[in-house]
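Colleague: Pasting a structure below so you can have a look.
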Amino acid sequence: MADPYHNNIYHQGDGDSYGTYGQGGQDGYGYQTDYPPQEEDAASDATEGHDEEDQMYEGEYQGIPHPDEVKAARRAARAKARTVADAVSEQEELAEQYEDIMEDCGHGKFQWTLFVVLGLALMADSVECFVVALVLPSAEKDMCLSHAEKGMLGLIVFLGMMFGAFIWGGLADKVGRRKCLIIVLAMNCISAFFSSFAQGYGFFLFFRLFSGIGIGGSVPIVYSYFSEFLQMNKRGEHLSWLCMFWMMGGIYASFTAWGIIPRYGWGFSMGTEFQFHSWRVFVLVCALPAITAFVGLIFMPESPRFLLENAKHDEAWMILKQVHDTNWRAKGEPERVFTVTHIKIPKTQEDEFIEIQTATGTAFQRWVVRTLTLTKLVMKNVLSLFGRDLRLATLLMAIIWFTMAFSFYGLSVWFPDMIKHLQHEEYESKLKVFHREKVEQFHFNFSLENQVHKEGEYINDKFIDIEMKSVKFEDSLFVDCFFENIRSTETIFENCTIRSTVFYDTDLYEEKFIDCTFENVTFLHNKKGCHLDYEEENDVLVYLVSFLGSLAVLPGNIISALFMDKIGRIKIIGGSMLISAGCTFFLFLSFSQAAIIAWQCLFCGVSVAAWNGIQVITVELYPASKRATAFGVLNAICKLAAILGSSIFASFVGITKVIPILLSFVALVGGGVLALKLPETREKVLL
């Protein structure tokens, strides 16, 4: 049978374990556990004058094993496990080889630099989830948004992220992790810029959708990309630390919103047609993490594991050497030599890209053929997730992702909406009702707020330079009155009779008069533009809730990172989801705003451990050729669950608590129990 690998030859000595490779002659696989002997003339100046026998590992007296001994022990254990197994697949062989190389490259400066760059990309995804909710109270005034339009604006970002995760996750396995991530970050930056200047609802909606499609691909790519630079014993912990940037994104968004949006002077206008208020400045500032990640990613290399999967041996070797040299120089051991000369690569697939000569057809025709070929390859990869080997894992992970996202995002919307509902109830409890009042020749020069006037008579009165907030005139009579420079909020006139009255420079439009009778009424110079309707103070509580909810996940992040490799992914996921389910019953005790904030912090702090475990195990369950695709499909399911959860939970605010609480409880329990059926991956090499 033909050798499944090409381009290199792998030799294993008789009786040797898999962890020991043969001498690297011209025919051999040139990877050795020990460093090759050097000629005297070629000896490094760094080691001149030192006798190897005189050097001693400083931890020897304390009984601490040498790192090389630890690596050798791990390799011996893996070799022993392979001898127990009946056969080793080609995929596992390549994975073992890559793991050994990453162990010798070490974990150091290179991984930490990449950690920061990819963390900023993850932070950009988090900011995107928060930005619309934080700007909506101001944007709705600027763009005259109805309730339906506000709801669509809140959902459009998740809709875009759902498609983005699916599309870019699939492309990352065929085009490259780094290249796709650069594109999605660029899309996010461009969309943020144009959406901040968009004056109309349609344009703003389009650019937020475009931004979501872009940044939605960052999560699948970031985790797949970073995991392929980590060795097995570091993977769970450092992927969990990476999750902290999602928390930092929420803190950054809420903190900057708190500092920018209430500053109404931070903007400018060009007549009445173009307004650039402070909330638009905030939208621009939210693009900073994506911009920084974009710049940093330019200096980062492609994943060598992706290159090996695509038969690019030489490029992968150069990057692995860069990782090795960067880490050991930073550790003060520049004399360490990268001893890999050849790396096995899998046999190239028959369905590779169709390359077209530049002289063949037009540029558009070549682009169409390449695009169709790429689409076919991506869809084939997606369907392979439901093949015999991966079907059960994909089904279980899809249910776990869905149940977790449904509960988490549903409650994330329910918490602030419940706070607003309690605020509204408290506000309505202070309502003032006036019956059959008769006011003649009076000058109203003070604001009216939270009032209902029934069957009143207003004769020859003046309403000048005042604000009407939550005011209702019902079955009332206005005769010879004068309204000037009125700013109104939720103010209506219902079944009123208005005679010989002038409305000058007001925002009292026709829709604010319901079933009213007009006799000799004049409207002059009505105010235009919703941004001039009223100037309402921003509720600091909106930013505070977002800030505390993001900050509350810090303890859960730290605990999950420290214990991810100690107790395993399955126990972390199952335990966190089941405990989170228990926390939902405390929501029956949420009778005040402070109580809701407290339960929100508790829920977020507990559930974040499950999120970390889900993301880590998603990376580890799938082989390199399908890793980003699988993550993208599952993340798209996550965003679909977020849309459904937020819509369903919000519809019950002010009606009942029981249904949202029971829905979240059932979803979390079901997902947590299924998580315990997953295979543990903490001691498995990355396929």
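Placement of Cβ uses the backbone N, Cα and C atoms for every residue, glycine included.
These came from TrEMBL, pasted as-is:
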type     : residues : note
REGION   : 1-55     : region 'Disordered'
TRANSMEM : 112-139  : transmembrane segment
DOMAIN   : 114-682  : domain 'Major facilitator superfamily (MFS) profile'
TRANSMEM : 151-168  : transmembrane segment
TRANSMEM : 180-198  : transmembrane segment
TRANSMEM : 204-226  : transmembrane segment
TRANSMEM : 238-261  : transmembrane segment
TRANSMEM : 281-300  : transmembrane segment
TRANSMEM : 392-415  : transmembrane segment
TRANSMEM : 541-563  : transmembrane segment
TRANSMEM : 570-591  : transmembrane segment
TRANSMEM : 597-619  : transmembrane segment
TRANSMEM : 631-652  : transmembrane segment
TRANSMEM : 658-676  : transmembrane segment
Colleague: Taking the transmembrane segment (631-652) as reference, which of 281-300, 541-563, 658-676 has the most Cβ pairs under 8 angstroms?
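Modeller: Comparing 281-300, 541-563, 658-676: 658-676 has the most Cβ pairs near the transmembrane segment (631-652).
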Colleague: State, in range form, which of 151-168, 238-261, 541-563 has the highest count of Cβ pairs under 8 Å to the transmembrane segment (204-226).
Modeller: 151-168
Colleague: Give me the stretch from 112-139, 180-198, 238-261, 658-676 with the greatest number of Cβ pairs under 8 Å to the transmembrane segment (541-563).
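Modeller: Selected stretch: 238-261, with the most Cβ pairs under 8 Å.
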Colleague: Can you tell me which of 151-168, 180-198, 570-591, 658-676 gets the most C-beta pairs within less than 8 Å of the transmembrane segment (392-415)?
Modeller: 658-676
Colleague: Pairs 6 or more apart in sequence, C-beta under 8 angstroms, 3 or more of them: is that satisfied by the transmembrane segment (281-300) and the transmembrane segment (112-139)?
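Modeller: Stretch pair touches.
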Colleague: Counting only residues 6+ away from its ends, which parts of the chain sit with a Cβ under 8 Å from the transmembrane segment (180-198)?
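Modeller: Residues 121, 124, 128, 164, 168, 171-172, 204, 206-208, 210-211, 213-218, 221-222, 225, 276, 280-281, 283-284, 286-287, 290-291, 293-294, 297-298.
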Colleague: Would you mind giving the whole-number mean pLDDT across the domain 'Major facilitator superfamily (MFS) profile' (114-682)?
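Modeller: Averaged over the domain 'Major facilitator superfamily (MFS) profile' (114-682), the predicted model reaches a pLDDT of 86.
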Colleague: For the transmembrane segment (112-139), give me same-chain residues lying six or more residues beyond its boundaries with a C-beta closer than 8 angstroms to one of its C-beta atoms, as numbers and ranges.
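Modeller: Residues packing against the transmembrane segment (112-139) from afar: 145, 150, 153-154, 157-158, 161, 181, 185, 188, 204, 208, 211-212, 215-216, 218-219, 221-222, 225-226, 229, 238, 241-250, 252-254, 257, 261, 277-279, 282-283, 286-287, 289-290, 292-293, 296-297, 300, 416, 536, 538-539, 542-543, 546.
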Colleague: Do any residues of this chain, six or more beyond the ends of the transmembrane segment (570-591), have a C-beta under 8 angstroms from a C-beta of it, and if so which?
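Modeller: For the transmembrane segment (570-591), the sequence-distant neighbours (Cβ-Cβ under 8 Å, at least 6 residues beyond its ends) are 400, 403-404, 407, 411, 418, 556, 560, 563-564, 599, 602-603, 606-610, 612-614, 617, 657, 660-661, 664-665, 668-669, 671-673, 675-676, 678-680.
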